[in-house]
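If you look up TrEMBL, you'll see 55-76, 82-98, 110-128, 140-165, 172-194, 206-233 marked as transmembrane segment.
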């Protein structure tokens, strides 16, 4: 998990420099082509502004998604075993897209980004602090060897993703996300992508793919495969 967080952004940065990949902040036309609103004062003022009310509103929506999501997860778990957070993710997606589609309410993206950054930082910190490496001291050499091999292979895989998925900025972001996901978990992938996005600009396609696959679709696939295999074997 630590390696996945440390390795992803530097590898993505190296690919960008080595292959002179065009990035959104250096080439604003890329953002226009994808229909992304360009914030003219982003560089000058540090991005959009938000206040305490915006943060409280975001926390309210998150609490609502968690509350209703618990009920949704309980209903879905009757059909097939799923992680508890699946329901919250579904509800959050409905809340956001319903607001954007109907214009009934507006969610401040800057406040949402701030809360997301804090949540990601907390998760990574708590996950790393929970690792009891002392208990594995007898296996230190084999584990280090395995980790080094994994790091080398995942870097090669990230380069393959770049070459196979368009050789553009989206492909770089997908590669960085794959490193975080392959060596850690979905939040590690998002942290890597966020690090690159803060310097080079957003990549909505890559963010959507990694978020949907890593934190949503893969759980359904795992649940289906595990229950199917368990039924066959037992």
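Every residue, even glycine, has its Cβ placed from backbone N, Cα and C.
Predicted automatically and left uncurated, TrEMBL annotations should be read as such.
Taking Cβ pairs closer than 8 Å, the transmembrane segment (140-165) reaches residues 3-4, 7, 11-12, 15, 19, 171-172, 174-176, 178-179, 182-183 in its own chain, all 6 or more past its ends. Outside the transmembrane segment (82-98), and at least 6 residues removed from its termini, the chain residues within Cβ reach (under 8 Å) are 61-62, 64-66, 68-76, 104, 107, 215-216, 219-220, 223.
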